[in-house]
Amino acid sequence: MTHLLIAASKEQMASVVTELYRHQIFHITDFVEQGKEGYEGVKIGVPFGNAGDLSNNLLKIRSIESVFQTAPSTQSTVQMRPAETIRAAIDSELPKIDEEVSSLTVKRSNAETRIRECEQRINELKPFALVPLELDLYRGYETLSVFAGSIEHDLEISVPHEKNFVAGKDGNFIVVFAESKNASDIERQLADAGFQSVSLPVESGTVQAAVEKYTVELNKQTQIREDCNAKIVELKAKYADLLAACDEVLSCDVERAEAPLRFATTDEAFVIDGWIPADAVEKVTAALNQATGERVYVVVDSSEIEDTAIPVEYNNPSFAKPAELFMDLYSRPKYKELDPTIILAIMFPLLFGFIVGDLGYGLLYLALALVLRKFLLKMGEMGKKAFIVILGAAISTSVFGLLYSEFFGMSLPWHSIIFSRHLPIGAGMEHAMPQVIELLIISALLGVIYISVGRFFGMINHYRMDHPGSHRTKAILAQLGWNFILWGILVLILSVADLNEYSQFPIALPTLVGIPTIAGIIGAILIIVGCVFVAIENPLDLMEIPTNTLSHMLSFCRLAAVGLSSVAIAMVVNFMAFDLFISPAMSDLNVVGVLLIIVGVIILILGHALNVALGILGGALHPIRLHYVEFFTKFYQGGGIIYKPFGLKRKFSEE
């Protein structure tokens, strides 16, 4: 990235903005008024004069799109249209569309309000249908009080009254007429019986007639609402593509019109501060000079600037771009910082498959990815990346399932090609021999590799990002020292323990038990030298040796542990479903047997559904956690600024 400063008189502002927008590669650094010495008279710019009208039109379009429940991101490109044609359509078509849609939404809203009122009145009148009285009789008295509502049970009232009590399935209903002077006594007695009052009806005639009147009105308003919705659907089909194009054009115009809010300006001139890819400096400079008649001053600022101020754009191969989703979830790398996206892109699906590793589950994840495909692709670039991540995890799970010889916890017709994870659970599995030790060793060795590579990357980052001097040297030595300590501990372990005695790998693992003295001396030297290197930077860091070496290495053993737990759950579900329910019932099929088979099938479906969900959680969470905590903490800081070039990528329109 190259830091550019662009200065010109205000008369050239529109030309400069248009040219920068056309190239869509210039990242603007927003100017902030700080009131510092030397900045007197410098302030944030004012939008172009048409910004208000453009914003109002954009708000109208967004409002219509909200009614249509659509958005440019959900629309597919039919044909690119000239921007000028779309602007003409905004002037001619937008007022008519806005008026028609507003009329329909108001009419629909009024109908929905009336529908709610009718439904409420019908529900309030229904209890009174059980009482043989007309609605006029519930009101209009000067010396009588009327009580109506639900009650827990019937009761005897101790003062003169008239009562109608009706017992019903949904509760009891009571109506009491009494002189007003006894109202307080009746209220107390009713309250003791759990009385809940309802509002008295304001209608006249019979309850049935009133309900019929509201039902007719309800049906009428429902039809009005349906007609409005049908008309809105018709308008959506007619104008959705046009509105998406108008939204895009107006978004571009508004962004251009409001661009001066990001500039530093005086009464006569303006300055734009920003970044541009180094290989585009000459092209953009020439374009600005041509657009302004060489009345613009473009200067490359070569002064040293902190990495945190330089915008960062990923530069990864296409297969690694989906993993950028995880990187942005953590933090974007700084400008000079190593970008571990490629490692994450390769290792995440592999670790996911290593953990779950079941052909049946892999096929289910693949089906899930295909089901979610349409929904995810509507979310734009982020959804597309998520879809590819899920697809990669599903394929990896299927491949590892073939290698493990696992299908929903059952064994496939061949022996496991790499390591067996079958446990002695269920009929026919009594002699299963899971290679737990081998899986744990592979996980731990993977931890050693990850931590070592992380420290090596840390050395590179310190060399590239730190200022030359003793601090950089100490930081690099400290990273090397942590690796020496880790390798020294590993050498000491291999000098006293032959891992081949506890495991069976196709190729023998390296061992140093034949030369314990020499290996012990080498291991001790590595540890001592490593401690010295770490202490040179900060002696207190030596207290973190247990966590920064062994615990982080052993943390990778969760890969084997979580995978074995997934296999165990699958096999237990199969054992419960087949051995305890389905198989015994099939041997003596009767009515009870059919019920047992149904129970077994339910256990099978629910159990594997739960394990599939746990596989998604464990298979995704643990690899990401290992990268974030055990790997990134060795070298990665993040905190870079996302590169956002000035200009909207067009999908529906073209200038």
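Placed from the backbone N, Cα and C atoms, the Cβ positions cover glycine too.
As the structure is a computational prediction, the values presented were derived from the model and not from experiment.
According to TrEMBL, the coiled coil annotation covers 218-245.
Summarising the annotation, TrEMBL assigns transmembrane segment to 342-366 (among others). Tertiary proximity for the transmembrane segment (342-366) is limited to same-chain residues at least six positions away from its ends with a CB under 8 Å from its CB atoms, namely 316-317, 319-323, 326-327, 389-404, 406-409, 412, 421, 453, 559, 562-563, 566-567, 570, 608, 611-612, 615-616, 618-620, 622-624, 626-627.
Remote same-chain residues near the transmembrane segment (386-404) are listed as 322-323, 325-326, 348-350, 352-354, 356-363, 365-366, 368-369, 372-373, 376-377, 379, 412, 416-421, 615, 619-620 (criterion: CB distance under 8 Å, separation of at least six residues from the stretch ends). Marked as transmembrane segment by TrEMBL: 386-404 (among others).
Long-range Cβ contacts of the transmembrane segment (439-463) within its own chain (Cβ-Cβ under 8 Å, at least 6 residues beyond either end) map to 336-338, 340, 343, 419, 421, 472, 475-476, 479-480, 482-483, 486-487, 490, 499, 503, 509, 549, 552-561, 563-564, 626, 630-637. Look at TrEMBL and you will find 439-463 (among others) tagged as transmembrane segment.
Positions annotated as transmembrane segment by TrEMBL: 475-497 (among others).
The transmembrane segment annotation in TrEMBL covers 517-536 (among others).
Among the features that TrEMBL reports, transmembrane segment is placed at 556-577 (among others). Away from its own ends, the transmembrane segment (556-577) comes close to residues 351, 354-358, 406, 408-410, 421-423, 425-427, 429, 434, 436, 439-440, 442-444, 446-447, 450, 600-601, 603-604, 607-608, 610-611, 614-615, 618-619, 622-623, 626, 630 of its chain (Cβ-Cβ under 8 Å, at least six residues beyond either end).
What TrEMBL records for 589-617 (among others) is transmembrane segment.
Per-residue pLDDT, averaged across the coiled coil (218-245), gives 91. Under 8 Å from some Cβ of the transmembrane segment (517-536) lie the Cβ atoms of residues 474, 477-478, 480-492, 494-495, 542, 545, all in the same chain and six or more residues away from its ends.
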